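Student: Pasting a structure below so you can have a look.
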Amino acid sequence: MTSHERPADHAPAAGAARAEPTDPLDAIRTRGYLALLLLAGVIGVPLSAAAWGFLQAVDHLQTVFYTDLPRGLGFHGAPMWWPLPLLAVSGALTAAAIVFLPGTGGHEPSEGLESGAVPTAAMLPGILIAALASISLGAVVGPEAPLIALGSGLAALVVRRMKRADERAVRLVGAAGSFAAISTLFGSPLPGAFLLMETSGLGGIALDVALLPGLLAAGIGALIFIGLDSWTGLSTTSLTIPDLPAVKQPDVGQFGWALAIGVAGALIGVLISRAARAAQPHVAPRRLVLMPIIGLLVAGLAIAYAEGTGHSSSDVLFSGQSGLGPLVQNRAQYTVAALLLLVVYKALGYALSLSAFRGGPVFPSLYLGAAGGLLVSHLPDLPFVAAVAMGIGAIGVAMLRLPLTAVLLATLLLGKDGLTVMPLVIVSVVTAYVISVRLSPAPPKPASD
């Protein structure tokens with residue numbers, strides 16, 4: 001190599017050394033980002049109102065189908081067999097929405113809770129119909145996944161109608177729409193922030209850039225949500241279970257129970273997830289035939305539970321969002337045998353629903369964890385409040401694979417008591433998370449060239 005060639009060879013390296021590193025906060029300093037923040041704050045109002053309306057519609061339809069309709073037909077209450085035709089219709093309607101409408105009715109709940117691609121406008125009717133047919137008629141799924149999809153899709157629709165809107169703006173405002181919608185469900189922006197933070201897969205400044213529009217949309221939307229509640233007299237969502245007794249600081253023995261509950265929660269969650277994912281490929285090609293049958297199976301589980309325990313079949317049906325508080329408050333009415341049957345039948349109905357219907361996995365996992373916690377609270381030196389919190393955290397993280405969200409939800413559900421038992425919740429969540437990950441198959445490695 002000659003001497004006159006060396007400077008040319010080293011010139012790119014010298015240029016690279018002199019290059020200034022890009023500041024990750026530059027995106028926030030741009031006028032375009034400030035415009036996105038303003039847009040997120042504006043759309044937070046109608047999106048929160050729409051999410052509120054969706055939740056009220058679900059609650060109203062459940063009352064119509066399971067209370068008003070049987071009375072209107074001359075029954076004193078819903079007969080024991082009543083869930084059978086409703087769940088069969090639910091399966092047929094959901095299957096039709098998945099097969100015949102764009103968007104396959106939204107995200108597969110058996111795959112967990114994750115923030116995927118922003119739905120297009122054409123996909124939104126199918127997502128809405130599939131969610132209402134599943135959740136309102138008794139399938140064991142929650143409203144959180146449809147709310148995330150509908151919120152992001154509606155927000156992105158606004159951006160796509162604007163001139164010169166790029167895909168980055170669509171993603172950011174879509175995430176803000178999800179944030180506002182899911183915060184309406186939880187009654188606070190905080191759980192929504194944790195949930196979307198863990199499902200986004202982002203970190204550092206990139207996470208801040210992505211979440212700031214959502215925080216603004218959810219914060220403004222929460223004020224509108226409170227206003228809607230006061231105008232209509234309809235109730236807002238509250239995660240906290242009321243009237244719980246005060247608990248003492250945990251002792252060493254309870255930390256031992258936290259480890260055991262973490263192991264049990266992981267095993268239950270892995271079994272449910274594997275069963276749902278094993279069934280889902282068999283259901284997908286034959287939805288129109290199999291989904292009404294799956295609906296009948298879920299209804300049969302609820303009827304068997306009601307016949308065997310004397311409790312309502314609604315303990316097994318639905319997401320458990322509105323039933324979790326009454327379950328804990330009326331714990332004295334449930335024997336050990338009834339709680340055991342509740343855990344078994346709810347888990348089976350949960351797995352079947354995840355394999356076929358459309359909805360979210362969050363609230364059924366919380367309800368199942370609370371029922372399991374009440375069951376093990378009959379063991380020595382295990383207060384029921386601590387047991388419920390650890391059960392919620394353990395099964396929640398085993399199903400969702402979101403440890404921070406699981407700790408937060410288990411803590412918020414118990415109000416002031418949640419802060420006292422938080423160390424126990426953390427131990428059970430970490431234990432359940434590690435074991436459930438180790439028991440789950442690793443994703444296939446990409447083929448090497």
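Cβ atoms here come from the backbone N, Cα and C positions, even for glycine.
What TrEMBL shows for this protein is this:
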- 1-20: region 'Disordered' (REGION)
- 10-20: compositional bias 'Low complexity' (COMPBIAS)
- 33-55: transmembrane segment (TRANSMEM)
- 80-101: transmembrane segment (TRANSMEM)
- 122-142: transmembrane segment (TRANSMEM)
- 172-197: transmembrane segment (TRANSMEM)
- 209-228: transmembrane segment (TRANSMEM)
- 255-276: transmembrane segment (TRANSMEM)
- 288-306: transmembrane segment (TRANSMEM)
- 332-352: transmembrane segment (TRANSMEM)
- 385-414: transmembrane segment (TRANSMEM)
- 421-439: transmembrane segment (TRANSMEM)
Student: Do at least three C-beta pairs under 8 angstroms join the transmembrane segment (385-414) to the transmembrane segment (421-439), pairs 6 or more apart in sequence?
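Tutor: Yes, the stretches contact each other.
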Student: What parts of the chain pack near the transmembrane segment (288-306), using Cβ distances under 8 Å and only residues at least 6 beyond its ends?
Tutor: 80-81, 83-84, 86-92, 94-96, 99, 137-140, 282, 312-317, 341-342, 345, 348-349, 352-353, 355-357
Student: Sequence-remote contacts (6 or more beyond its ends) of the transmembrane segment (421-439), Cβ cut-off under 8 Å?
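Tutor: Contacts with the transmembrane segment (421-439): 247, 250, 254-255, 257-259, 261-263, 265-267, 269-270, 385-386, 389-398, 401, 403, 406-407, 410-411, 414.
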Student: Mind checking which residues of the chain, 6+ beyond the ends of the transmembrane segment (332-352), have their Cβ under 8 Å from one of its Cβ atoms?
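Tutor: Counting only partners 6 or more residues beyond its ends, the transmembrane segment (332-352) has Cβ contacts under 8 Å with 140, 268, 271-272, 275-276, 279, 294, 297-298, 301-302, 304-305, 308-311, 315-317, 320, 364-365, 367-368, 371-372, 374-375, 378.
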